[in-house]
């Protein structure tokens with residue numbers, strides 16, 4: 001059906017497997033994959049045992065469909081019914097009995113035969129068991145290979161993949177031709193509504209054989225007409241000053257003047273070598289329009305500065321000098337009253353680089369402590385299972401320390417059991433004494449604490465007890481006020497509790513204490529003593545005359561903020577005002593997709609997504625005069641945004657073939673109060689494929705170091721609330737200016753393959 005790629009390459013000459021996956025017909029695909037046993041294994045498929053419970057374990061046949069993007073399997077719901085899962089929807093493959101279902105419903109002797117397919121969003125895991133360890137490894141390796149291959153495709157490859165898959169969907173009779181009706185159906189598939197005259201005109205222009213159908217090179221011409229980017233043409237023609245082509249010198253001028261990149265002619269030549277698709281142009285050290293588009297769609301040309309994808313900040317400063325990605329009631333998968341508790345919730349948070357997780361600990365049966373939201377109908381999970389899950393996944397995304405925030409409601413005996421589980425399971429990774437041989441006067445750094453677990457909780461005595469000759473306390477009554485603060489909102493009274501010395505002794509740098517006043521904290525609290533604040537109390541302190549006291553408090557101490565008890569639906573509060581006054585541990589409900597979580601994920605996107613962001617100097621220096629509510633600022637910036645176009649936006653209502661989005665784009669700035677702003681484009685009617693706005697906006701940014709930028713694409717609706725199409729959030733300080741593509745994420749922050757915005761950005765002094 002498709003003899004040529006959009007850049008003119010012949011498929012018979014392709015060597016790269018990922019390109020073959022996308023563009024070959026089924027027969028050509030099999031020919032290409034003859035040399036790749038892993039991918040061929042998936043195409044042939046085989047039987048696996050699907051595990052749901054002890055009594056429900058069924059043989060099911062699984063295989064990869066010939067489009068290489070869909071996993072096909074039998075379903076028991078209706079005889080001979082088939083089900084499919086998109087490879088794009090798979091988050092990861094987890095080897096062994098690492099899901100709750102497999103741990104509960106399979107035997108330890110089956111460990112090597114088990115694996116789980118973990119899906120993005122809220123879709124349930126798929127727990128599977130192979131007939132042997134070798135077969136399980138084959139499935140795991142093969143699936144991981146194709147997931148990795150699809151993930152590593154560049155923007156243009158994903159775009160072509162999506163368009164061609166839509167073409168295949170409308171070719172109902174599989175004759176490798178497109179009738180006029182199929183062309184109209186295809187246009188709706190790609191989210192654009194055109195009138196019959198336009199569709200007929202486009203069809204006639206491509207049907208050079210006058211056969212009444214498009215085939216072969218006619219389909220390629222149709223594809224080229226459909227995917228040409230007018231806005232790219234304008235930019236290219238302006239910059240290409242060398243016989244209609246863009247020379248290395250022309251490209252360098254573009255990079256210096258438009259992209260504001262400090263690069264050399266050698267860098268421009270390297271870009272031509274890497275991205276030019278025409279061999280003759282490459283030989284002349286020139287870039288064609290196709291090569292230019294290829295370059296603009298690469299990750300290095302994205303809005304997100306690629307230098308910030310790795311850890312680039314100073315990680316040797318004290319722990320309290322960093323914003324720390326933090327989760328509230330981490331065990332919950334849904335609401336706060338009756339939803340399930342699960343080790344999976346911890347895994348998902350840790351895989352999002354969360355570095356502070358919460359454990360609400362209560363006495364359980366058989367002497368084993370459990371974790372759940374006390375005095376509610378939420379389900380319970382064993383404390384030791386949570387600790388095992390944390391141990392297994394804590395450092396897969398980031399090597400920097402993880403804080404275990406204990407809300408302890410257990411009796412002495414079960415506190416001792418908790419301590420035994422933490423020390424035996426976490427081993428040497430558990431911090432059980434201060435670093436060094438002398439009493440510390442400040443926090444160690446994230447760098448010094450790499451690979452370590454820090455316990456936050458009550459402690460019976462001062463930290464200097466480690467360095468005294470006598471440490472004979474066995475147990476003592478302590479106020480439960482800090483631990484029970486969240487529970488008290490549900491009607492509990494303040495109580496006292498006994499604290500086991502064993503548990504007390506492993507609380508090192510994060511001793512929980514009740515907050516009385518900033519003066520009291522300044523005069524009486526040690527640096528390692530920290531308080532937790534309900535969001536309403538914290539916001540009151542942050543937004544009143546005490547805000548500068550809060551800033552100074554956070555220069556010496558750690559502060560943890562948690563959602564109000566009234567948020568029984570697991571909704572979230574705005575973290576930005578708390579970051580503005582230097583609060584480090586601003587805990588959110590990670591299970592709830594929301595604007596607040598988008599901002600949180602955007603805040604921690606830079607610095608290698610390691611879960612730690614160095615606070616601006618004015619939130620660390622004792623000499624600071626910073627006040628987020630100032631009316632005048634010395635270093636103002638003007639942020640210019642031109643929203644040019646969007647590409648391949650997803651359909652919102654996929655059940656209705658004729659449902660096309662009416663997209664608009666909103667740019668939101670969140671930072672100090674003077675910077676908070678929101679502006680949006682007009683909406684475009686019936687075009688989610690290639691809408692174009694060319695609308696300009698201007699924002700005054702008073703404190704760039706604290707400004708978050710969020711792009712939101714919505715489907716306009718006159719009768720109800722607009723539907724979210726996609727979003728992307730990042731710090732202003734991590735933005736690359738110039739012409740940039742903006743990737744789009746779902747509400748749950750999963751990447752929307754091939755969809756994006758095209759914008760022009762400038763940041764200049766006010």
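Note that Cβ sites are derived from N, Cα and C of the backbone, with glycine treated the same way.
Here is what TrEMBL says about this protein:
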- 329, 358, 360, 407: Ca(2+) 3 binding site (BINDING)
- 660, 662, 686: Ca(2+) 4 binding site (BINDING)
- 41-148: domain 'PH' (DOMAIN)
- 209: O-linked glycosylation site (CARBOHYD)
Exercise for review: Enumerate same-chain residues with a sequence separation of six or more from residue 358 (Ca(2+) 3 binding site) and a Cβ-Cβ distance below 8 A; give 'none' if the list is empty.
Suggested key: 327, 328, 329, 330, 331, 405, 407, 587
Exercise for review: Within 10 Å of each Cβ, count the other Cβ atoms and name the one among the recorded positions 209, 686 with the highest count.
Suggested key: 686
**Study point:** Euclidean distance between Cα atoms of the residue listed as 'O-linked glycosylation site' and residue 686 (Ca(2+) 4 binding site), Å
**Key:** 31
Exercise for review: For residue 360 (Ca(2+) 3 binding site), list the number of other Cβ atoms lying within 10 Å of its Cβ atom.
Suggested key: 24
**Study point:** pLDDT averaged over the residues of the domain 'PH' (41-148)
**Key:** 88
**Study point:** Of the binding-site residues listed as 360, 660, 662, the one whose CA lies nearest the CA of the residue listed as 'O-linked glycosylation site'
**Key:** 660
Revision key, fill the gap. Rounded Cα distance, in Å, between residue 662 (Ca(2+) 4 binding site) and residue 360 (Ca(2+) 3 binding site) is 45
Study note, to complete from the structure: DSSP assigns the residues of the domain 'PH' (41-148) as 35 helix, 40 strand, 33 coil
Point to revise | Most Cβ neighbours inside 10 Å, all chains, among the binding-site residues 407, 662 | key: 407
**Study point:** Whole-number Å value for how far residue 660 (Ca(2+) 4 binding site) lies from residue 360 (Ca(2+) 3 binding site) (Cα to Cα)
**Key:** 46
Practice item. Around the Cβ of residue 329 (Ca(2+) 3 binding site), how many other Cβ atoms lie within 10 Å? Please give the count over every shown protein chain. Key: 26
